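Q: When I checked Swiss-Prot for this same protein, it listed these features:
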type: ACT_SITE; residues: 13; note: active site, proton acceptor
type: ACT_SITE; residues: 41; note: active site, proton donor
type: BINDING; residues: 12-18, 40-42, 304, 330-332, 412-414; note: GTP binding site
type: BINDING; residues: 13, 14, 15, 16, 38, 39, 40, 41, 128, 142, 223, 238, 302; note: IMP binding site
type: BINDING; residues: 13, 40; note: Mg(2+) binding site
type: BINDING; residues: 298, 299, 300, 301, 302, 303, 304; note: substrate binding site
């Protein structure tokens, strides 16, 4: 029984897809356990970029099983489009498995997402308008439609009719918006269900059988700990639990079967959308990091907010997700800066604190306390070991590990597979 969970430790976009792809080489099953197509991950293989939103990064290994777990909310339209994209690129999807218990995102979820966001005005959350929140709302309200329901023509029609009638009343009476047509949705989405039917199964059985047989299973989280609905910067969060604990609920695997948790972070911090960001940069340094790091959302294309590395955030993520190993990405983006900064604590009303406040009002008053380190000018994209890094870059990597309190297993100096350097094998340490 060998399993590893990969989680983002910041606000998403840390390079989880890259690290999942890297760790997938030694895994036999790769599974997603939460989120939906609001998440985007980019994998670079032989210089070619692949952008995925729903399908796990392990799909590029045809001999390995890729699982979309029950905790994921699935937009069938997006999934069918993503499958076609992979097929056009010559990638087989015969190794994909989709949980019959996963909930379905339908057009009324997306319309409601947009209407709710518009109604918030200046208090908007910055949602991707993918229908994720409303789909999870229906799930919690016990009126959601699952993949198993989508495949049953009569059940799907019955539940869609009930749900759509309720949503249309909401659209017309509360939002003065156009109602949606039952026939159009039913025909389109039932057809999508038939297209994905071959992949649908009880994925909990697949995952538990694999673990019981001693196979290596890799769990891939979406978004990041700071977007977790319980542990993140609420309400500027996603609607699911990206933390490692989400694996047990979102995949149907018990907590006793989790061995290691790899936290993925960048050598700086980024965030898409609204919400607290204590180390955010608004100057030319921030603009430089954004451009060099290509900090634009995979899903939205929106420019990401960027800032210095925040060890307060990282220690919070370590605690609530039980992180055992750290993967540090994008060190190369900081090359060329005379000075690099790391936030080591916050100043809250004149008092030094080293924890991340739950209160948004307190967070607004938090000022980062920085430790400054000398930068490096060298191009490090060709570095293949820690010793090859310039001394100042090496010191930066070590200091990050010290402040977070977790051993760094890998560091990356670029987006390619070959640019991920191993300091300690996660699989071998189990």
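Each residue, glycine too, has its Cβ placed from N, Cα and C.
Owing to the predicted nature of the structure, the values given are computational and were not obtained by experimental measurement.
Please go over these features one by one and say how buried each is and what sits next to it.
A: According to DSSP, residue 41 (active site, proton donor) is assigned to a strand segment.
Within 10 Å of the C-beta of residue 41 (active site, proton donor) we count 26 further C-beta atoms, all protein chains included.
The number of other Cβ atoms within 10 Å of the Cβ belonging to residue 40 (IMP binding site), over all protein chains shown, comes to 20.
Around residue 302 (IMP binding site), the same-chain residues at least 6 positions away in sequence with a Cβ under 8 Å from its Cβ are 272, 273, 296.
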Q: Can you name the recorded positions among 12, 13, 41, 303, 413 whose CA is within 10 A of the CA of residue 128 (IMP binding site)?
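A: Matched recorded positions: none.
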Q: What's the number of neighbouring CB atoms sitting within 10 A of the CB on residue 223 (IMP binding site)?
A: 28
Q: Please give me the CB contact count at 10 A for residue 12 (GTP binding site), counting all chains in the structure.
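A: A count of 29.
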Q: Where the distance is taken from Cα to Cα, which of the recorded positions 38, 41, 223, 301, 304 turns out closest to residue 18 (GTP binding site)?
A: 41
Q: Do you know offhand how many angstrom separate residue 41 (active site, proton donor) and residue 15 (GTP binding site) by C-alpha?
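A: That comes out at 7 Å between the alpha carbons.
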Q: Residue 12 (GTP binding site): which of the binding-site residues 40, 223, 303, 304 is the nearest Cα neighbour?
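A: The answer is 223.
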